[in-house]
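J.: Please read through the structure below; I'll follow up with questions.
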Amino acid sequence: MVNSKNNSSTDSENSSGDVPDSKPSLYFEGEKVLAYHGPRIYEAKVQKAELRKNEWRYFVHYLGWNKNWDEWVGADRLMKHTEDNVLKQQALDKKQGMEKSTKSGRSAPAKPKSSADVKLDKEETKSNVPKGKKRKTDSGAEGNVSVEKLVKIQIPSTLKKQLVDDWEFIMHQNKLVKLPRSPTVDDILTKYLEYRSKKDGMMTDSVGEILNGIRCYFDKALPALLLYKKERQQYHEAVSDNVSPSSVYGAEHLLRLFVKLPELIAYAKIDEESLTKLQQKFLDFLKFLQKNQGTFFLSAYDGPKASEGNGKDKES
(Lines of atoms letter the chains of each structure in order from A and count residues from 1; the text may use other names and numbers.)
(Lines give C-alpha, C1' and ligand atoms only; values in the text may rest on other atoms or scores of the structure.)
Protein backbone atom coordinates (compact mmCIF):
# COMPACT_ATOMS: atom_id res chain seq x y z
CA MET A 1 0.00 0.00 0.00
CA VAL A 2 1.44 3.29 -0.97
CA ASN A 3 0.82 6.30 1.08
CA SER A 4 1.98 9.86 1.59
CA LYS A 5 2.46 9.15 5.28
CA ASN A 6 1.90 11.43 8.18
CA ASN A 7 2.93 15.06 8.08
CA SER A 8 5.35 16.72 10.41
CA SER A 9 4.77 17.42 14.05
CA THR A 10 3.87 20.95 13.01
CA ASP A 11 0.86 19.56 11.15
CA SER A 12 -0.13 17.60 14.22
CA GLU A 13 -0.17 20.72 16.33
CA ASN A 14 -2.69 22.47 14.06
CA SER A 15 -6.21 21.88 15.28
CA SER A 16 -9.22 21.77 13.06
CA GLY A 17 -10.87 24.14 15.48
CA ASP A 18 -8.95 27.01 13.89
CA VAL A 19 -10.25 26.46 10.38
CA PRO A 20 -12.94 28.73 9.00
CA ASP A 21 -16.39 27.28 8.60
CA SER A 22 -17.00 28.91 5.22
CA LYS A 23 -16.44 25.56 3.54
CA PRO A 24 -17.96 22.74 5.59
CA SER A 25 -15.92 19.60 6.07
CA LEU A 26 -17.33 16.43 4.52
CA TYR A 27 -15.94 14.30 7.34
CA PHE A 28 -15.56 14.83 11.05
CA GLU A 29 -12.84 13.81 13.48
CA GLY A 30 -13.42 10.33 14.83
CA GLU A 31 -15.57 9.29 11.86
CA LYS A 32 -15.09 5.81 10.41
CA VAL A 33 -14.64 6.03 6.65
CA LEU A 34 -13.50 4.10 3.63
CA ALA A 35 -10.26 5.33 2.05
CA TYR A 36 -8.88 4.75 -1.42
CA HIS A 37 -5.25 3.69 -1.49
CA GLY A 38 -3.92 2.91 -4.93
CA PRO A 39 -6.31 0.43 -6.54
CA ARG A 40 -7.93 -0.61 -3.27
CA ILE A 41 -10.27 0.66 -0.58
CA TYR A 42 -9.57 0.31 3.16
CA GLU A 43 -11.38 1.00 6.38
CA ALA A 44 -9.97 4.06 8.14
CA LYS A 45 -10.73 6.58 10.86
CA VAL A 46 -10.46 10.35 10.51
CA GLN A 47 -8.22 11.67 13.27
CA LYS A 48 -7.80 15.30 12.18
CA ALA A 49 -9.41 17.63 9.66
CA GLU A 50 -7.76 20.82 8.42
CA LEU A 51 -8.55 23.36 5.74
CA ARG A 52 -5.44 24.02 3.68
CA LYS A 53 -5.35 26.28 0.64
CA ASN A 54 -9.13 26.21 0.55
CA GLU A 55 -9.16 22.39 0.43
CA TRP A 56 -10.00 20.08 3.32
CA ARG A 57 -7.29 17.59 4.26
CA TYR A 58 -7.87 14.62 6.53
CA PHE A 59 -5.38 12.77 8.69
CA VAL A 60 -6.53 9.14 8.63
CA HIS A 61 -5.56 5.98 10.46
CA TYR A 62 -6.00 2.68 8.60
CA LEU A 63 -7.82 0.35 10.95
CA GLY A 64 -5.76 -2.67 11.92
CA TRP A 65 -2.48 -1.09 10.81
CA ASN A 66 0.44 0.44 12.62
CA LYS A 67 0.12 4.21 13.00
CA ASN A 68 3.26 4.74 10.91
CA TRP A 69 0.93 4.28 7.90
CA ASP A 70 -1.30 7.17 9.02
CA GLU A 71 -1.43 9.89 6.39
CA TRP A 72 -3.02 13.12 5.19
CA VAL A 73 -5.41 12.68 2.28
CA GLY A 74 -7.84 14.79 0.32
CA ALA A 75 -11.60 14.35 0.28
CA ASP A 76 -11.30 12.64 -3.10
CA ARG A 77 -9.61 9.69 -1.35
CA LEU A 78 -12.43 9.15 1.15
CA MET A 79 -15.96 7.75 1.12
CA LYS A 80 -18.65 7.53 3.74
CA HIS A 81 -18.77 4.17 5.52
CA THR A 82 -22.14 3.11 4.13
CA GLU A 83 -23.47 -0.26 3.11
CA ASP A 84 -23.34 0.70 -0.56
CA ASN A 85 -19.73 1.81 -0.32
CA VAL A 86 -18.75 -1.34 1.59
CA LEU A 87 -20.26 -3.34 -1.27
CA LYS A 88 -18.22 -1.23 -3.68
CA GLN A 89 -15.10 -2.06 -1.66
CA GLN A 90 -15.86 -5.77 -1.76
CA ALA A 91 -16.65 -5.66 -5.48
CA LEU A 92 -13.35 -3.92 -6.17
CA ASP A 93 -11.46 -6.53 -4.17
CA LYS A 94 -13.24 -9.32 -5.99
CA LYS A 95 -12.48 -7.75 -9.35
CA GLN A 96 -8.78 -7.77 -8.53
CA GLY A 97 -8.95 -11.41 -7.44
CA MET A 98 -7.89 -10.69 -3.90
CA GLU A 99 -8.50 -13.04 -1.00
CA LYS A 100 -10.53 -11.65 1.85
CA SER A 101 -9.01 -11.26 5.25
CA THR A 102 -10.53 -13.97 7.48
CA LYS A 103 -10.46 -11.62 10.41
CA SER A 104 -12.15 -8.56 8.97
CA GLY A 105 -13.92 -9.79 5.88
CA ARG A 106 -11.96 -7.43 3.67
CA SER A 107 -8.84 -7.86 1.62
CA ALA A 108 -5.62 -7.60 3.57
CA PRO A 109 -4.04 -4.24 2.74
CA ALA A 110 -0.99 -4.58 0.59
CA LYS A 111 0.96 -1.84 2.25
CA PRO A 112 4.57 -2.82 1.67
CA LYS A 113 7.20 -2.39 4.32
CA SER A 114 9.18 0.81 4.36
CA SER A 115 12.29 0.44 2.26
CA ALA A 116 14.21 2.19 4.98
CA ASP A 117 13.21 -0.48 7.46
CA VAL A 118 14.93 -3.38 5.74
CA LYS A 119 17.85 -3.42 8.15
CA LEU A 120 15.94 -2.85 11.33
CA ASP A 121 15.20 -6.48 12.23
CA LYS A 122 17.24 -6.54 15.42
CA GLU A 123 15.28 -3.70 16.98
CA GLU A 124 12.23 -2.83 14.97
CA THR A 125 10.60 -6.02 13.69
CA LYS A 126 10.80 -9.78 13.55
CA SER A 127 10.43 -10.02 9.79
CA ASN A 128 10.90 -7.87 6.71
CA VAL A 129 7.45 -6.35 6.79
CA PRO A 130 6.14 -3.03 8.06
CA LYS A 131 6.58 -2.59 11.76
CA GLY A 132 3.58 -3.02 14.01
CA LYS A 133 0.90 -5.64 14.51
CA LYS A 134 0.18 -6.66 10.95
CA ARG A 135 -2.47 -9.18 10.14
CA LYS A 136 -0.16 -10.71 7.59
CA THR A 137 3.55 -10.89 8.15
CA ASP A 138 4.76 -12.38 4.91
CA SER A 139 6.27 -9.58 2.89
CA GLY A 140 5.15 -9.68 -0.68
CA ALA A 141 2.53 -12.33 -0.01
CA GLU A 142 -0.16 -9.87 0.97
CA GLY A 143 -3.07 -9.33 -1.39
CA ASN A 144 -2.67 -11.11 -4.70
CA VAL A 145 1.10 -10.88 -5.01
CA SER A 146 3.08 -13.98 -4.16
CA VAL A 147 6.74 -14.07 -3.21
CA GLU A 148 7.42 -16.17 -6.28
CA LYS A 149 6.19 -13.40 -8.55
CA LEU A 150 8.42 -10.73 -7.06
CA VAL A 151 11.28 -9.69 -9.32
CA LYS A 152 14.60 -10.35 -7.59
CA ILE A 153 16.87 -7.34 -7.26
CA GLN A 154 20.29 -8.26 -5.93
CA ILE A 155 21.76 -5.30 -4.06
CA PRO A 156 25.59 -5.39 -3.99
CA SER A 157 27.04 -6.08 -0.54
CA THR A 158 28.73 -2.67 -0.24
CA LEU A 159 25.39 -0.99 -0.93
CA LYS A 160 23.70 -3.21 1.65
CA LYS A 161 26.22 -1.90 4.16
CA GLN A 162 25.31 1.60 2.97
CA LEU A 163 21.69 0.87 3.97
CA VAL A 164 22.81 -0.27 7.42
CA ASP A 165 24.95 2.86 7.87
CA ASP A 166 22.02 4.94 6.67
CA TRP A 167 19.81 3.48 9.39
CA GLU A 168 22.55 3.89 12.00
CA PHE A 169 23.03 7.60 11.26
CA ILE A 170 19.32 8.37 11.50
CA MET A 171 17.99 6.03 14.16
CA HIS A 172 20.95 5.85 16.55
CA GLN A 173 22.87 9.08 15.93
CA ASN A 174 19.82 11.23 15.15
CA LYS A 175 21.54 12.73 12.12
CA LEU A 176 19.86 13.55 8.83
CA VAL A 177 21.07 13.91 5.26
CA LYS A 178 21.67 17.58 4.53
CA LEU A 179 19.29 18.79 1.81
CA PRO A 180 19.36 19.56 -1.00
CA ARG A 181 21.77 16.81 -1.96
CA SER A 182 24.37 16.98 -4.67
CA PRO A 183 24.23 15.05 -6.86
CA THR A 184 20.46 14.73 -6.75
CA VAL A 185 18.52 11.70 -7.93
CA ASP A 186 17.88 13.53 -11.20
CA ASP A 187 21.62 14.15 -11.59
CA ILE A 188 22.45 10.49 -10.93
CA LEU A 189 19.89 9.25 -13.46
CA THR A 190 21.28 11.68 -16.04
CA LYS A 191 24.84 10.53 -15.35
CA TYR A 192 23.78 6.90 -15.76
CA LEU A 193 22.08 7.69 -19.08
CA GLU A 194 25.29 9.36 -20.29
CA TYR A 195 27.28 6.36 -19.06
CA ARG A 196 25.07 3.89 -20.93
CA SER A 197 25.09 6.02 -24.07
CA LYS A 198 28.88 6.06 -24.16
CA LYS A 199 29.10 2.35 -23.37
CA ASP A 200 26.48 1.33 -25.94
CA GLY A 201 27.57 3.90 -28.51
CA MET A 202 24.06 5.27 -28.78
CA MET A 203 21.13 6.68 -26.86
CA THR A 204 18.68 3.86 -26.19
CA ASP A 205 15.01 4.65 -25.67
CA SER A 206 14.51 1.65 -23.40
CA VAL A 207 17.09 2.88 -20.90
CA GLY A 208 15.55 6.34 -20.93
CA GLU A 209 12.09 4.89 -20.28
CA ILE A 210 13.38 2.81 -17.36
CA LEU A 211 15.11 5.82 -15.83
CA ASN A 212 11.93 7.88 -16.19
CA GLY A 213 10.10 5.04 -14.47
CA ILE A 214 12.62 5.03 -11.61
CA ARG A 215 12.20 8.79 -11.25
CA CYS A 216 8.41 8.51 -11.15
CA TYR A 217 8.52 5.67 -8.63
CA PHE A 218 10.94 7.65 -6.48
CA ASP A 219 8.89 10.85 -6.49
CA LYS A 220 5.72 8.96 -5.57
CA ALA A 221 7.27 6.51 -3.12
CA LEU A 222 9.56 8.84 -1.17
CA PRO A 223 6.96 10.49 1.08
CA ALA A 224 4.98 7.26 1.34
CA LEU A 225 7.58 4.56 1.84
CA LEU A 226 11.15 5.78 1.90
CA LEU A 227 11.31 8.08 4.92
CA TYR A 228 11.86 7.43 8.59
CA LYS A 229 9.56 9.33 10.93
CA LYS A 230 12.51 11.42 12.01
CA GLU A 231 12.91 12.65 8.43
CA ARG A 232 9.34 13.82 7.88
CA GLN A 233 9.70 17.31 9.30
CA GLN A 234 12.71 17.84 7.05
CA TYR A 235 10.76 16.54 4.03
CA HIS A 236 7.93 19.00 4.51
CA GLU A 237 10.41 21.85 4.84
CA ALA A 238 12.43 20.83 1.77
CA VAL A 239 9.77 19.73 -0.70
CA SER A 240 6.93 22.02 -1.73
CA ASP A 241 4.03 21.38 -4.07
CA ASN A 242 5.93 22.35 -7.20
CA VAL A 243 9.22 20.62 -6.28
CA SER A 244 9.99 16.99 -7.11
CA PRO A 245 11.75 14.92 -4.44
CA SER A 246 14.14 13.69 -7.15
CA SER A 247 15.49 17.23 -7.47
CA VAL A 248 16.16 17.49 -3.73
CA TYR A 249 17.18 14.05 -2.46
CA GLY A 250 20.19 11.95 -3.46
CA ALA A 251 21.64 8.46 -3.59
CA GLU A 252 20.91 7.64 0.06
CA HIS A 253 17.15 7.72 -0.48
CA LEU A 254 17.33 6.41 -4.04
CA LEU A 255 18.97 3.23 -2.77
CA ARG A 256 16.08 2.66 -0.35
CA LEU A 257 13.75 2.59 -3.36
CA PHE A 258 15.46 -0.51 -4.77
CA VAL A 259 14.62 -2.45 -1.62
CA LYS A 260 10.95 -1.64 -2.19
CA LEU A 261 10.82 -1.88 -5.99
CA PRO A 262 10.08 -5.64 -6.22
CA GLU A 263 6.76 -5.21 -4.44
CA LEU A 264 5.88 -2.03 -6.31
CA ILE A 265 6.58 -3.59 -9.69
CA ALA A 266 4.66 -6.73 -8.76
CA TYR A 267 1.42 -4.78 -9.10
CA ALA A 268 2.25 -3.67 -12.64
CA LYS A 269 1.17 -5.95 -15.46
CA ILE A 270 4.55 -6.90 -16.89
CA ASP A 271 5.23 -10.16 -18.69
CA GLU A 272 7.94 -12.49 -17.43
CA GLU A 273 10.36 -11.78 -20.28
CA SER A 274 10.14 -8.04 -19.70
CA LEU A 275 10.61 -8.55 -15.96
CA THR A 276 13.82 -10.46 -16.59
CA LYS A 277 15.15 -7.64 -18.76
CA LEU A 278 14.07 -5.12 -16.16
CA GLN A 279 15.87 -7.07 -13.48
CA GLN A 280 19.08 -6.94 -15.53
CA LYS A 281 18.70 -3.19 -16.06
CA PHE A 282 18.21 -2.60 -12.33
CA LEU A 283 21.28 -4.67 -11.51
CA ASP A 284 23.35 -2.69 -13.99
CA PHE A 285 22.14 0.55 -12.44
CA LEU A 286 22.99 -0.67 -8.94
CA LYS A 287 26.48 -1.62 -10.12
CA PHE A 288 26.77 1.93 -11.45
CA LEU A 289 25.82 3.25 -8.01
CA GLN A 290 28.34 0.91 -6.44
CA LYS A 291 31.07 2.01 -8.83
CA ASN A 292 30.42 5.64 -7.90
CA GLN A 293 29.62 5.00 -4.25
CA GLY A 294 32.34 7.30 -2.98
CA THR A 295 31.01 10.15 -5.13
CA PHE A 296 27.26 9.65 -4.88
CA PHE A 297 26.89 8.74 -1.19
CA LEU A 298 27.73 10.68 1.95
CA SER A 299 30.26 9.11 4.29
CA ALA A 300 28.66 10.95 7.21
CA TYR A 301 25.39 12.79 7.74
CA ASP A 302 25.83 16.38 8.81
CA GLY A 303 22.32 17.66 8.27
CA PRO A 304 20.00 18.93 11.02
CA LYS A 305 19.49 16.81 14.09
CA ALA A 306 16.54 14.46 13.87
CA SER A 307 13.68 15.47 16.13
CA GLU A 308 13.37 13.12 19.07
CA GLY A 309 9.76 14.17 19.36
CA ASN A 310 8.89 12.17 16.26
CA GLY A 311 9.88 8.93 17.97
CA LYS A 312 11.07 5.72 16.44
CA ASP A 313 9.18 3.90 13.75
CA LYS A 314 8.59 0.91 15.99
CA GLU A 315 6.28 2.87 18.22
CA SER A 316 2.68 2.00 17.55
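Glycine is treated like the rest: Cβ placed from N, Cα and C.
Reproduced below are the annotations present in TrEMBL:
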- 1-17: compositional bias 'Polar residues' (COMPBIAS)
- 90-102: compositional bias 'Basic and acidic residues' (COMPBIAS)
- 114-126: compositional bias 'Basic and acidic residues' (COMPBIAS)
- 27-94: domain 'Chromo' (DOMAIN)
- 1-24: region 'Disordered' (REGION)
- 90-141: region 'Disordered' (REGION)
J.: Taking DSSP states H, G and I as helix and E and B as strand, how many residues of the domain 'Chromo' (27-94) are helix, strand and coil?
T.: 18 helix, 34 strand, 16 coil
J.: Return the average pLDDT for the domain 'Chromo' (27-94) as a whole number.
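T.: Overall, the domain 'Chromo' (27-94) comes to a mean pLDDT of 87.
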